[in-house]
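**Q** Dumping the structure here so I can ask a few things about it.
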Amino acid sequence: MGAGAWGTALAKVLVDAGGPGTEVTLWARRPELAERINATRSNPDYLPGTSLPPGIHATADAGEALRDATTVLLGVPAQAMRANLERWAPLLRDGATLVSLAKGIELGTLMRMSQVIVSVTGVDPAQVAVISGPNLASEIAACQPAATVVACSDSGRAVALQRMLNSGYFRPYTNSDVVGTEIGGACKNVIALACGMAAGVGLGENTAAAIITRGLAEIMRLGIALGAKGATLAGLAGVGDLVATCSSPHSRNRSLGERLGRGATIGSVLAGSPDGGDGHVVEGVTSCQSVLALAASYDVEMPLTDAVHRVCHKGLSVDEAMALLLGRRTKPE
């Protein structure tokens, strides 16, 4: 449910993993995009250059997409999850496994995506799974080797999803720690913005390494306060996702941060302006607000997240944010 880059890439993975005869329905919000995907076997809007297998059928009709579906992958942006689910909930089959692909914390409620799914649909939390990891859609669509985490409190559902996704190039690992898997995914986008900002003002690898490492410390503090396992955040859904998103030129969050570091304004970048924006969703811009609020509610200190929030929403320059961080009181690691 969602024909963006990640939703489209995972639809391809499912068909490739399932082999001949496997069929996946891909819901697109815009009818013209669904028609284009079916006609051209490609998604030029979100995943240009990728040939899609014939087992993928796109539709803009949610009823058609969800009819008799026993596994539903929810690939809409985090802040749009609730509104979409409110429309889709009556169409869901009883007992279906609902899988969140979104990485973010809902503004206002400060809920993780699995909590939003349960809140809206009323399903048993054991029916809800999360897929998260170092998964840049363009690389996976190109069949480059990658790994991910399938987290669910129901081990049977986790293993079933693992089998559905296990292809020659995409390797899923199961995990019962839904909280840790979601926190790693939500927070890493914020740290990637910080890495991009540093690169944009011309800072080098030492700075990037410090941001990634201290960013991980923030993520660990928040995750553990929420009941996550440290091992989860040291794995693919934590360190793995953080490194990929902070380092890759394909990362929208890092790229946006880099443009901010070069002097673009947040408004112009998000609007898809000549400053370099592409108009696609960049979760970290919203996540820095909701993650910071969630951390405050648990009395967890997250200075990097706070600095990113100040740049994105309070008008602070990147240079001023760096000075603020470097001026903090020194302390043991």
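These residue numbers are counts, starting from 1, taken along the chain as shown.
Backbone N, Cα and C atoms are what each Cβ position is placed from, and that goes for glycine too.
The structure displayed is predicted, hence computed values, not measured ones.
Among the features that Swiss-Prot reports, NADPH binding site is placed at Trp6, Arg29, Arg30, Lys103, Ala137, Arg252, Val281, Glu283, with the record citing sequence analysis. The sn-glycerol 3-phosphate binding site annotation in Swiss-Prot covers Lys103, Gly133, Lys188, Asp241, Ser251, Arg252, Asn253 and rests on sequence analysis. According to Swiss-Prot, the active site, proton acceptor annotation covers Lys188, on the basis of sequence analysis.
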**Q** Residues with Cβ closer than 8 Å to the Cβ of Ala137 (NADPH binding site), same chain and 6+ apart in sequence?
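**A** Sequence-distant Cβ neighbours: Gly4, Ala5, Trp6, Thr8, Ala9, Tyr46, Leu47.
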**Q** For Arg29 (NADPH binding site), which of the three DSSP-derived states applies: helix, strand, or coil?
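**A** Once the DSSP labels are grouped into three classes, Arg29 (NADPH binding site) ends up as coil.
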**Q** Of these binding-site residues, Asp241, Glu283, which scores lowest on Cβ atoms within 10 Å?
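**A** Output over binding-site residues Asp241, Glu283: least Cβ neighbours within 10 Å is Glu283.
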**Q** Would you mind listing, in sequence order, the residues at least six apart from Arg30 (NADPH binding site) in the same chain with a Cβ closer than 8 Å to its Cβ?
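**A** Once residues fewer than 6 apart are set aside, Arg30 (NADPH binding site) is near Ala60.
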**Q** 10 Å Cβ neighbour count around Asn253 (sn-glycerol 3-phosphate binding site)?
**A** 26
**Q** List nothing but the largest Cα to Cα distance in Å, as a whole number, among the residues Lys103, Gly133, Lys188, Asp241, Ser251, Arg252, Asn253 that the record says bind sn-glycerol 3-phosphate.
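**A** Result: 15 Å between the two most distant Cα atoms.
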**Q** Here are the binding-site residues: Arg29, Lys188. Which has the lowest count of other Cβ atoms within 10 Å?
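**A** Comparing Cβ neighbours within 10 Å for the binding-site residues Arg29, Lys188, Arg29 has the fewest.
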**Q** Which binding-site residues from the set Lys188, Asp241, Ser251 come within 10 angstroms of Lys103 (NADPH binding site), judged by C-alpha positions?
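**A** The binding-site residues close to Lys103 (NADPH binding site) (Cα within 10 Å), listed in sequence order, are Lys188.
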**Q** Near Gly133 (sn-glycerol 3-phosphate binding site), which residues of its own chain have a C-beta under 8 A away, given they sit six or more steps off in sequence?
**A** Ala146, Ala147, Thr148, Val149, Leu236, Ala237, Gly240, Asp241
**Q** For Arg252 (NADPH binding site), just count the other CB atoms lying within 10 A of its CB, please.
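**A** By my count, 23.
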**Q** Rounded to an integer, what is the Cα-Cα distance in Å between Ser251 (sn-glycerol 3-phosphate binding site) and Arg29 (NADPH binding site)?
**A** 23
**Q** Of Arg29, Arg252, Glu283, which is closest to Lys188 (sn-glycerol 3-phosphate binding site) if I measure between C-alpha atoms? They're all binding-site residues.
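**A** Nearest in space to Lys188 (sn-glycerol 3-phosphate binding site), counting only the binding-site residues, is Glu283.
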**Q** Does DSSP put Gly133 (sn-glycerol 3-phosphate binding site) in a helix, in a strand, or in coil?
**A** coil
**Q** Cα distance, Glu283 (NADPH binding site) to Asn253 (sn-glycerol 3-phosphate binding site), nearest Å?
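**A** Spelling it out, the Cα of Asn253 (sn-glycerol 3-phosphate binding site) and the Cα of Glu283 (NADPH binding site) are 7 Å apart.
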**Q** Other than its own, how many Cβ atoms are within 10 Å of the Cβ belonging to Ser251 (sn-glycerol 3-phosphate binding site)?
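**A** Counting Cβ neighbours of Ser251 (sn-glycerol 3-phosphate binding site) within 10 Å gives 23.
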